[in-house]
Amino acid sequence: MSNTPVELKYTESHEWVRTEADGTLTIGITDLAQEQLGDIVFLELPDTGRQVKQGEAIAVVESVKAASDIYAPVSGEVIASNADATESPESVNEDAYDAWLFKIKPANADDVNALLSADQYQAKAGA
């Protein structure tokens, strides 16, 4: 069974979301997603300063099996992308919850509350 930390929020499209002390959100892909993708070989992450809408495809993860879009879990502004993950995409396979992909300053902080809990994500994902 995949690792699904209870302190995070999740999307049905397999992104995890961590709310930081300053209200910004750190986003990555779930352990289940990296397992299904297999060896990740390339990441295309959004530019800092980009305005994104909830549900918009804003990044790409490529593995030896497939390329998958990563979606914005909330609307807001991209305030950081993880250059370390871009340089070492395999880090996402090694620890999906440490190798974050990008950070968003949400337009509406309450949007996070509509995301899935760990239990809800596991139920929907069949994890």
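Glycine residues also receive a Cβ, built from the backbone N, Cα and C atoms like all the rest.
Residues or ranges marked as domain 'Lipoyl-binding' by Swiss-Prot: 24-105.
For the recorded site, K65 (N6-lipoyllysine), the DSSP three-state label reads coil. Less than 8 angstroms from the CB of K65 (N6-lipoyllysine) sit L37, G38, each of them six or more residues away in the same chain. Positions annotated as N6-lipoyllysine by Swiss-Prot: K65.
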Open item on the list: Return the average pLDDT for the domain 'Lipoyl-binding' (24-105) as a whole number.
Closed with: 97
